[in-house]
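Following: one structure in structure tokens, then a few remarks.
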Amino acid sequence: MLVFGGTGDLALHKLLPALYYLHRAGRLHAETRIIALARSPHTRSAFQALAERNCRAHVAREDFDNETWARFAERLDYLAMDASQSADFGRLSKHLGDDPERVRIYYLATSPALFEDIASHLKIAGLAGPKARIVLEKPIGHSLESARAINASIGAVFDESRVFRIDHYLGKETVQNLMALRFANALFEPVWRAGHIEYVQISVCETLGVENRGSYYEQAGAMRDMVQNHLLQLLCLVAMEAPVRFDAEAVRNEKVKILEALKPISGLDVQDKTVRGQYTAGKIGGQEVPAYYFEKNVDNDSDTETFVAVQAEIDNWRWAGVPFYLRTGKRMARKTSEIVIQFKPVPHQLFGGSEANRLLIRLQPEERISLQLMGKSPGKGMHLQPVELDLNLANAFNKQRRWDAYERLLLDVIEGDSTLFMRRDEVEAAWAWVDPIISGWHQHYQSPRPYPAGTNGPEQVNNLLERYGRQWLD
Ligand code: BG6
């Protein structure tokens, strides 16, 4: 496995710890080698030390032991190279030696601006044989046009079955549980539709700011960083029809249909259906944090959004008229990722005070699925109150260690299973919906609304729902 961007945060904080866990669980082939590639002139042992420091920090203390580490470290190697320089791929080829039987996985943990160069340089150097696979980190491009160009140049070197476009949300256990909930239980299917569901809310709220990623984030913003991929993927899993088989083509065919059915939001619609925000100074967990425009590598008069809310709609038979409220932001009050399915109220209020049922699927911080039902409170009279039917997944499965999303997805790449990866047309359909929103913001000069760090986003976000007598379900 060759990791381009091998000394970046993603490689050090996520990929190497995930590979350590796979090694520890005996899931890596005895001869698997992991080669980090980056420009800094590290020696192999300096890189091993860097990797160790990071794995110690990102692997649970009870799971890290020196003996396992020593064996894992033997797999690690480092090569200093510049991925934009074709000549450096000749050196890479020599370094790898000539073994056409080896499966090579190229993991591009780099800026998407380098994807096209890397693919063509691999081809010229003879490193993209039929056994080679390529993994692309999101975002794939920054618009439909750039995504198409990347997909075309990757496609000229690797056929689609060997391209793994990663969206780590699909590797999260609860996200996969959402498919189990929907397609392994008959209970929900009859009510999983417009006639019974009032609205759906998908929120991914973070307390973190942009950390060291200011220069990337300035070009991306919350729409490209989160909505185009993670939130739309969650929406697809909630809304898609049951695939005929659980395999890569069948699952992805159903997801694409949903993306293609998203009602376009463009021009002036953006004023009604979207809210952009940007955090100002505030407090997170009692600590003062600076405004976004004072973060490292961020412009003082930055117009980048760190918060987005969108009212999406799906124009198909099952979902016509049901709003899907999407919301994501940095530096918010709490870290939570959850999906709420709000059912319609009972058609006739027999007792009064009855609230409509609600299904909560929480991905973070804890993995939980709970259904809010109405129950009678003890005593005389029919006084109702909401009670929760609660499935705490960690307890249900004997507190087994939950795999990190990257562990699951890296193993899928190794095994060649692309069910949980985004297909080319899926990525492009997502951009086709996102692009007009971004250009609508620019055409109508919708600059982001300020919100203090540590809050639930700009005030205007409540209007999206309140005008229909609804509210965000926190
Ligand atoms: C990444 C985004 O894809 O997802 C980050 O680039 C974001 O900005 C992260 O912080 C959130 O992932 P998770 O798994 O912590 O919810």
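Backbone N, Cα and C atoms are what each Cβ position is placed from, and that goes for glycine too.
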Margin query: For the substrate site that TrEMBL describes with His168, Lys172, Glu206, Lys330, Lys335, which of these is also annotated: Asp225, Asp301, Asp303?
Written below: Asp225
Checklist line | Inter-residue C-alpha distance, Lys330 (substrate binding site) and Arg39 (NADP(+) binding site) (nearest angstrom) | finding: 30
Next item on the list: Report the binding-site residues (Arg39, Lys172, Lys330) that meet this criterion: Cβ distance to the nearest atom of ligand 1 under 6 Å. Use sequence order and write none if nothing qualifies.
Entry: none
Checklist line | Same chain, 6+ residues apart, C-beta under 8 Å of the C-beta of Lys138 (NADP(+) binding site), given in sequence order | finding: Arg165, Ile166, Asp167, Gln228, Asn229, Met422
Notebook entry, point to check: For the substrate site made of His168, Lys172, Glu206, Asp225, Lys330, Lys335, how many Å separate the two farthest Cα atoms?
Noted result: 20
Note to self: Between C-alpha atoms, which of these binding-site residues comes nearest to His230 (active site, proton acceptor): Arg39, His168, Lys172, Glu206, Lys335?
What the structure shows: His168
Next item on the list: Would you find the one among the binding-site residues Glu206, Asp225 whose Cβ has the most company, meaning other Cβ atoms within 10 Å?
Entry: Asp225
Check: To what whole number does the mean pLDDT across the domain 'Glucose-6-phosphate dehydrogenase C-terminal' (179-472) round?
Finding: 95
